[in-house]
């Protein structure tokens, strides 16, 4: 597969209109045993890459075979093994001199439809999807080839609002604004259907029970109905309770519950009598959204319910009690109604999409959170593949797209956050890893999107002097800040409003939340530590007295029973939260002021940083120093344990951040020297993959601690490059064929991958300039000259 024969084979298969067979053949090659070949692993890797190559550029190759070379080979990512082997044989193509993809884009396929796509469902084997259109028709599409396998002959008389496969994929149920439900047998294609009538308004959603025996429907007539898939409904009444249209319904995995969402802003959880196929009275009513509920879904273990709303938020609820687990408000991701949500089969991810064209992936068990991705138009539906490794989305931009989950999940941006105008004194990260909070001597507090590096809102103002500290409540809804202006302020994470303030008699050095979020411990210039009740916004304890110098920092133990305070008197004192008494004697050993203290994740150790240039690790029970870390040449003002307790990070006024082995005390790698001035704080991301620090140089640095200094290629010597879409031919999008670029408003000059067209939409403005695409046309051949693409041909740029 090293020679040009691979490209010739794909070319022939395209000319024979057999590209689908090429895809299927390569897919099969990745699955079969090749033990008799010495290089079987290599062959499978190459076959997998070639398979992805054809899938990604299927539209270009099948529309015009020469674009296998002109477009596919030109725009394949740098790490594409197929392109790396083939480009030397076919060098006369366009190239991305700057801003091209380094690896495969998360979008594996974009299937073009004749209409806007209103809804979709994935078959149980993942090989097909059913979609519904505004004209009332349905179609089944092959996910491998992107070909239409079947289209309805006689469909609905109005917009198809929902189309779903049964769990065995033998049936499809569809609903419409025409007030009817239709049931289709997949083996018969979409040639005929049974019509279920009874609703007096638009039917917004349908769902099969897990055993495929019952279909539930929700309607604008404010009712829910249950149907046998054979069309009988004579024994079943309409179930009422919602005071608005029923927008969504879903069965629990065991079929014993049905959840419904409504424009009345509520969610209802109904018990299903499996014997009589009826819904029990008195459903559990869940309230919490501030606008219409548009979509609901059970997790695959049946323990959680997710809901999306016109209020732009995603909520997760306990399916048994209705209690809220968490609120996923993401103003920088969804700026419009959430239209669809889906749990992954393993329950680890939750996908949401919106009318703003954006799709978002959330981690349900870890602090993962994807970069925004999506379509050029509103996204109406998302669904996971049965294996959970792919996500399929449907949009009004007339495409369905297949996304690779692992490629979509990029938890945190790496680089520099710039926005403060003075020292960034401290940083904190929300527990889900989506927000970074910064305190600054410019008297403001910043809230940053951890994935894009952009400020979520204008910096929070209200303090009249240096802001020394910030902390985030465990549930991520509140921020507390402390300042030299003697004020401690409480801020709302979502509205960014200052909701409470307290003025002390001296400057506030530090303020931290307790693990349960009920209390705040803060320290001041008066050498004392105070405990504060968050709900009542009042003092719990008027000063824990024991230090003879300023208390620079305080920290709660993981279980919330103990508080540690670090002071300029060179000691650390442990306090019992219940009795407010000291626990043992002071931890002594530093020869300078103690600026920082933190507990290990298990709570058995503490780490401190001091003006004596050292970091110390302490045994909490004995109060003895177990390790002294030396190497810094100036004050160590911040220190923290990693998530698993194996590493310690320290920040110093020597302008460096250092990583240490918490067990041996050995320095890990080299000192991190990105900052140009004193480093004031250091913190690990909740997933432990990233290390963040703030500095007097007015920046926050974020780095992946598994890869210190990634090589950065200079953006220089870009021959004949221009910034897309400006170019010598005044190219523009083809007026009739999406995805194609033309230089004369008629020719298919080249096919541009969707991610390049949409790049601007999913980037913060500060990122766009450095992410723009520059194309090099110095060797580009096209039109009738495309055959000169091969190595021995003369380049022609005409």
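These residue numbers are counts, starting from 1, taken along the chain as shown.
Placement of Cβ uses the backbone N, Cα and C atoms for every residue, glycine included.
Quick look at what TrEMBL annotates:
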REPEAT    110-151  repeat 'WD'
REPEAT    153-194  repeat 'WD'
REPEAT    196-227  repeat 'WD'
REPEAT    239-270  repeat 'WD'
REPEAT    331-372  repeat 'WD'
REPEAT    417-458  repeat 'WD'
REPEAT    460-501  repeat 'WD'
REPEAT    501-542  repeat 'WD'
REPEAT    544-585  repeat 'WD'
REPEAT    587-628  repeat 'WD'
REPEAT    629-670  repeat 'WD'
REPEAT    672-705  repeat 'WD'
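With helix defined as DSSP H, G or I and strand as E or B, the repeat 'WD' (110-151) counts 0 helix, 21 strand, 21 coil.
Mapped onto DSSP classes, the repeat 'WD' (629-670) shows 0 helix, 22 strand, 20 coil. Long-range contacts of the repeat 'WD' (629-670) within the same chain: residues 592-593, 595-602, 605, 607-611, 613-617, 676-684, 686-688, 691, 693, 695, 701, 705, 708, each at least 6 residues beyond the stretch ends and with a Cβ under 8 Å from a Cβ of the stretch. In the repeat 'WD' (153-194), the DSSP tally of helix, strand and coil residues is 3 helix, 19 strand, 20 coil. Across the repeat 'WD' (331-372), mean pLDDT in this model comes to 82.
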